[in-house]
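According to TrEMBL:
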- HIS255: active site, proton acceptor (ACT_SITE)
- 78-80, SER107, GLN128, THR156, LYS231, SER253, ARG258, 286-290, 309-310: FMN binding site (BINDING)
- ARG165, HIS255: glyoxylate binding site (BINDING)
- 1-360: domain 'FMN hydroxy acid dehydrogenase' (DOMAIN)
Amino acid sequence: MALITNVSDYEELAKQKLSKMVFDFYASGAEDQWTLKENREAFSRISFRPRVLIDVSHVNMSMSVLGYNISMPIMVAPTALHKLAHPEGEVASARAAAAAGTIMMLSSWSSCSIEEVNLSGPGLRFFQLSVFKDRNFVQQLVRRVEDAGYKAIAVTVDAPRLGRREADIRNRFALPENVVLKCFEGLDLSSMDKANVSGLAAYVASQINSSLSWKDIKWLQTITQLPILVKGVITAEDARIAIECGVAGIIVSNHGGRQLDHLPATISCLEEVVGEAKGRVPVFLDGGIRRGTDVFKALALGASGVFIGRPVLFALAVDGEAGVKKALQMLRDELEIAMALSGCTSLKEITRGHVSTEADRIRLSRL
């Protein structure tokens, strides 16, 4: 195998290993994929302002999320159907996240069950919830998440309908018979044709509640004691409403460029949301992170931590649990070097003054 030196190497290798249908399902975005590309490219327009002659012989990357201690501000984002990448699926990803001392967020669209992932071993886990039309169905899911010891629920709020992912349409994406959406096992799906296995994804998509509103966030708070985060907020206006609704945190996300195309990069929206939050709730970020330097930039612009999605899937496809462990370790090592070379020995020392954005440069040019 070629020497893997950064997480992007896994993407190239995964492309060779996976079928075109599966690789495109993971890798592609909506419509013209402008947002997909912008999520990456926006990071390259942020530069560093390092401080020097600071003792950086010890760099501490540990932090707390909702009261839980983790080893680094890099967590595993919810992504669908890990078994398309590797037979062990989300169980392997969960073990790797636990070994790295960080949080894994399991997707509603997981190919391993809530319980299987819980039984894979110790580890801090959150659950990503898509809200479906059938509230009884949602309550059953939430109960299982609580019973399995998950610590928080993140509600996806940017997908009342699924975006147009043209690669999936071209490839006629369908689930192979050995991969199913396991979160829905044991729930009452009596109205579905059980014989049509590959139709399950289409069925579940049809069950997404496109009338989802802030009232549903309030309703969820009445059926669980778990902290609720909202995933998919990119404006100050929605951040303000989320905080008024009593959410425990905000994840700035554009669904990896898979929903509405021509949304700005998440890193470009971060300061607006952080500015509105004013420290009242933690603000996290996902989308486009491929380097430890990207993580540093997000932290400097006010993120409490980041979630990574596709790098986990591609590493899983190439080398299973060991691949995901290595991907997380590489990002951790890169962040540690970025911190040291910027003169930061702990996460709290990373400040807005350590980076320069396009907006900063425009402002300076007008002085």
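Every residue gets a Cβ built from N, Cα and C, even glycine.
Keep in mind that TrEMBL annotations are predicted by a computer and have not been checked by a curator.
Features recorded in TrEMBL, as mapped to the structure shown.
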residue	record	CB count, 10 Å
PRO78	FMN binding site	25
ALA80	FMN binding site	18
GLN128	FMN binding site	24
ARG165	glyoxylate binding site	20
LYS231	FMN binding site	25
HIS255	active site, proton acceptor	22
ARG258	FMN binding site	22
GLY287	FMN binding site	33
ILE289	FMN binding site	27
GLY309	FMN binding site	23
LYS231, HIS255, ARG258, GLY287 screened against ARG165 (glyoxylate binding site), Cα within 10 Å - retained recorded positions: ARG258
Cα separation, GLY287 (FMN binding site) to HIS255 (active site, proton acceptor) (Å, whole number): 7
